[in-house]
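First the structure, in the form of structure tokens, and then the observations on it.
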Amino acid sequence: MIYNVKPKIDFNIGVVLFSLILVLLLKPKISSPFDEIVNIGLSSIVCVNLIIFFNTNLKIFKSWVRYDLFFLLGFLILHFQIPFLAAIGIEPQRPNFIWINKMVVNYATWLSAISMLMWQLGFLIYLRGKKHLTLSELFTKNVKYNINYKLLDAFLVILFCLFLIVVGNNFLGGSYDVNSWGVGATYVYMLLKIFIFLRIIYFYVDLNHKHNFFRVIWENKVGVLIVFLYSFLFLISGDRGPVLQIVSINLVAYSLFYKNIKGHVLLFFLFSGAVLFGILKEGRTRNVNDRKGGIFTEGYEAYSKQQFNPTDEFASSVRILYRALDVVPNQHPYLYGATLISNTVDVIPFSSTFYNVPKIYSSSTLFFTILGQGDFYTSGEGSEIIADLYINLGPYLTIAVFFVFGYFISFLTFDVYFVKRHSILIIYLILVTVAFYINRSTFLNPLKIIVYTLIIHRLLVRRIEII
């Protein structure tokens with residue numbers, strides 16, 4: 001069946017442009033009293049645009065499980081949940097913790113809305129520029145890797161065992177405290193994570209050619225076992241990030257190479273995951289000796305006593321954006337790319353030996369932590385994607401970066417679904433692992449692992465066949 005999707009893209013672009021005009025008309029001052037109408041209006045505009053945007057993409061890619069869905073869903077929750085609920089009279093559970101300066105909330109919501117719309121505009125403009133976007137004209141290629149799986153699994157087993165040796169008894173006992181890891185554990189962990197991601201990707205590429213799910217599982221039983229043990233290890237410690245990464249890459253790769261995941265199934269996964277992660281958050285501890293029961297029993301007991309809001313903890317990271325707007329540039333000048341440069345240089349091994357900057361400027365995470373707690377901080381405050389760009393580039397360049405970001409993700413998504421170049425496939429699936437989480441992280445968070453993964457991939461793959 002021939003179905004030209006360009007009219008649908010043109011309509012979506014028109015809606016986004018009209019919405020941008022409305023958002024510009026609603027622009028508040030950087031500091032102004034909290035305005036319920038502004039926050040409800042901006043949140044409503046964003047939600048309407050998301051529905052239309054997802055519907056447009058579903059017509060093109062025929063799948064719900066994509067980077068843009070995970071990223072934009074996380075973006076919506078983090079940037080709009082708390083101000084929207086506050087606008088209708090539901091204050092956050094810890095208002096003093098969230099409202100670092102409530103006078104900047106209107107502007108934060110506005111900056112979030114225009115950034116999301118510009119991201120969607122960049123995504124749609126790339127698709128609009130494709131010469132052939134009639135579905136009957138699109139073609140796909142299949143990727144086939146020639147890999148020594150025995151050697152790969154040997155590396156995987158060695159790295160996993162080495163990680164168990166160096167990570168320390170505190171973590172193995174179920175403690176959530178990265179700072180207690182043994183010497184060298186973070187480096188081994190990064191290599192282990194890269195090999196696990198590649199093993200998952202190769203598994204689904206293999207599945208795409210053999211089509212027998214259980215047969216491929218049996219043939220890849222060593223890799224499957226390591227992935228399961230790795231996930232279980234972090235699950236019982238309460239560290240949700242690595243588990244979310246494994247689930248995300250599996251969902252997208254499964255949908256891409258084997259079978260589409262229906263919308264209601266994905267919704268079930270998202271809801272179940274949010275509840276499970278909420279329980280893990282309440283049950284984890286930095287000192288195992290303080291725990292009277294298991295992580296799940298203690299977590300469920302604490303979680304059941306709270307008001308049901310499975311995304312509350314994730315949404316609370318919007319406070320970092322409020323801190324950024326409160327401090328920069330009134331109390332601290334813009335960083336002019338300082339932490340972004342540090343993130344880029346960090347890709348080079350042992351770069352700290354020749355690139356030294358004050359600790360506060362080594363990452364936006366430390367910048368916000370030291371601003372909030374001083375030099376003698378006890379825990380990290382984290383970062384946030386808009387705040388990370390804002391303190392370095394200011395509001396207008398931040399908006400421009402979001403347009404380019406959306407354009408880039410559109411290029412990757414189109415290539416993965418309809419061209420399937422192997423390097424693009426690797427980049428896309430690695431980005432998928434942080435698609436949801438990157439909203440509460442630094443913008444360049446995935447850069448280092450992408451570079452290292454591509455290098456290791458080239459060393460592992462003896463031949464790439466496009467069939």
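Yeah, the Cβs are placed from backbone N, Cα and C, and that goes for glycine too.
Over in TrEMBL, the protein carries these features:
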type	residues	note
TRANSMEM	9-26	transmembrane segment
TRANSMEM	38-58	transmembrane segment
TRANSMEM	70-90	transmembrane segment
TRANSMEM	110-127	transmembrane segment
TRANSMEM	147-167	transmembrane segment
TRANSMEM	187-205	transmembrane segment
TRANSMEM	217-236	transmembrane segment
TRANSMEM	265-280	transmembrane segment
TRANSMEM	393-414	transmembrane segment
TRANSMEM	421-438	transmembrane segment
Two-stretch contact, the transmembrane segment (38-58) and the transmembrane segment (187-205), at least three Cβ pairs under 8 Å: no
Remote residues contacting the transmembrane segment (217-236) - C-beta distance under 8 A, at least 6 residues beyond either end: 149, 152-153, 156-157, 160, 172, 174, 192, 196, 199-200, 203, 206, 242-243, 246, 280, 295
Interface present between the transmembrane segment (9-26) and the transmembrane segment (110-127) (three or more C-beta pairs under 8 A): yes
Cβ contacts under 8 Å made by the transmembrane segment (187-205) with residues that lie 6+ beyond its boundaries: 143-145, 147, 149, 152-153, 155-156, 159-160, 162-163, 166-167, 181, 216, 220, 223-224, 226-227, 230, 242, 245-246, 249-250, 253-254, 256-258, 425-426, 429-430, 433, 448-449, 452-453, 456-457, 460
Interface present between the transmembrane segment (421-438) and the transmembrane segment (393-414) (three or more C-beta pairs under 8 A): yes
Long-range environment of the transmembrane segment (70-90) - Cβ separation under 8 angstroms, sequence gap at least 6: 34, 36-37, 39-40, 42-43, 46-47, 50, 53-54, 98, 105, 108-109, 112-113, 116, 119-120, 248, 270, 311-312, 314-318, 321, 384-386, 409, 432, 435-440
